[in-house]
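Please read the structure below before turning to the comments.
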Amino acid sequence: MAAKTFAPVSLRSAAAPKGLSKTFLGQPAQLKATRAQTARVNVSTSAKLETATSQLPLEMEELPLAVNTWKNKNPLPCKVRSVERIVGPKATGETCHIVIETDKKAPFWEGQSYGIVPPGTKINSKGKEVPHGVRLYSIASTRYGDFYDGETTSLCVRRAVYWDPEMGAEDPAKKGICSNFLCDAAPGTEVALTGPTGKVMLMPEDPNTCYIMVATGTGIAPYRSFWRRMFYERPPNFEFTGLAWLFMGVANSDAKLYDDELQDIIAAYPDQFRVDYALSREQNNTKGGKMYIQDKVEEYKEQVFDLLDNGAHMYFCGLKGMMPGIEEMLKNVCAEKGLEYKEWLEGLKSKEQWHVEVY
Ligand code: FAD
Ligand code: A2P
């Protein structure tokens, strides 16, 4: 991707939103209070956020962008190193952090996805027994993995459960095939990996970029790769001087994902990193309805529009269902500002500032 340049975003240049602490990026105190409730991910992070730059096999910076190195018919056999539930007991579902040993055989760039082909077969619409199809998962680690050696990669997987409408509500929940296979995998389990795929969620080369990252649920995965590259790794060609602002939508405090890492970064880089949560089942929006991610972004519409005007990149990842609400909100803000929504959006797209990956 072409490097993006724009005037450095001074994090203190915008007015602090009402109710927030002195620094523009300071965290509202009430968000800190819930931190202890969140399960910790057992990865090699430091509360002090010591930079891992010296441990990185930096030759991996030189690797070209790879697409579909490993195809569906010839996947890379890998082993699961660990599976850890990363949500608290009151979360509305189960989400796991899964570390997979790739042994440097499937290099990728931050923002890409891998495919996993679950074991077993299914009967297709023609009555024939065929292998299960591939499922995509956003990669939740940087190219160096959670151990900074490039030997592993990580996924953030939510167990899919559903009720078969033909069987009615009485029927026990059915389990999504691949997500349950991954979340139940014991260390050492073999997984068939394809990819990497995807280009829409890549990071701009310029380390002085502003990122506005919007996630629902496991949509946080690619952003974890971003924040670890920006703040934990800081390779010499990517010493991050920009701003990263995460808007995260989950049901409740127990469903927060990687909040321990987020709070460590806020403590270490309060002027460069900010997180705002939309807790749909704990908070209400201004109309008294559920606090969804679009409502939270709307609260900061002035700052968000200013940052976009100054070249910020806006990313959306997670539930497909959030996009109509996001678009509606942005359309309304454009109308308030006398902007033509379609033109405004086309402008962002043409400058490669707009990144959407929803599923
Ligand atoms: P499946 O067995 O494929 O079932 C999937 C869903 O289909 C069910 O939950 C249900 O809603 C529906 N369904 C299937 N059969 C029936 C039926 N008989 N009756 C009613 N409903 C039914 N997921 C993540 O957890 N983390 C990620 O980071 C992630 N990244 C993604 C990135 C991309 C680009 C894409 C496209 C998807 C991503 N996904 C991610 C979603 C993931 O690919 C899978 O779709 C998801 O894990 C479900 O797969 P499964 O095999 O477990 O469920
Ligand atoms: P809720 O489940 O309270 O309706 P999930 O945990 O299922 O991945 O969802 C992540 C978050 O996205 C939850 O807070 C969920 O809220 C919320 N959500 C669900 N539907 C939408 C939507 N249409 N727009 C925005 N957020 C949504």
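Using N, Cα and C of the backbone, Cβ positions are placed for all residues, glycine too.
Per TrEMBL, the features are as follows:
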type	residues	note
DOMAIN	73-203	domain 'FAD-binding FR-type'
BINDING	Ser138, Arg158, Thr218, Ser280, Arg281, Lys290, Gly318, Leu319, Glu357	NADP(+) binding site
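Break the domain 'FAD-binding FR-type' (73-203) down by DSSP state and the numbers are 8 helix, 52 strand, 71 coil. Ligand 2 lies under 6 Å from the Cβ of Arg281, out of the binding-site residues Ser138, Arg281, Glu357. Sequence-distant neighbours of Gly318 (NADP(+) binding site) (same chain, 6+ residues apart, CB-CB distance under 8 A): Val214, Ala215, Thr216, Gly217, Thr218, Gly219, Ile220, Gly249, Val358, Tyr359. Taken over all pairs of the listed NADP(+)-binding residues (Ser138, Arg158, Thr218, Ser280, Arg281, Lys290, Gly318, Leu319, Glu357), the Cα spread reaches a maximum of 27 Å, rounded to the nearest whole number.
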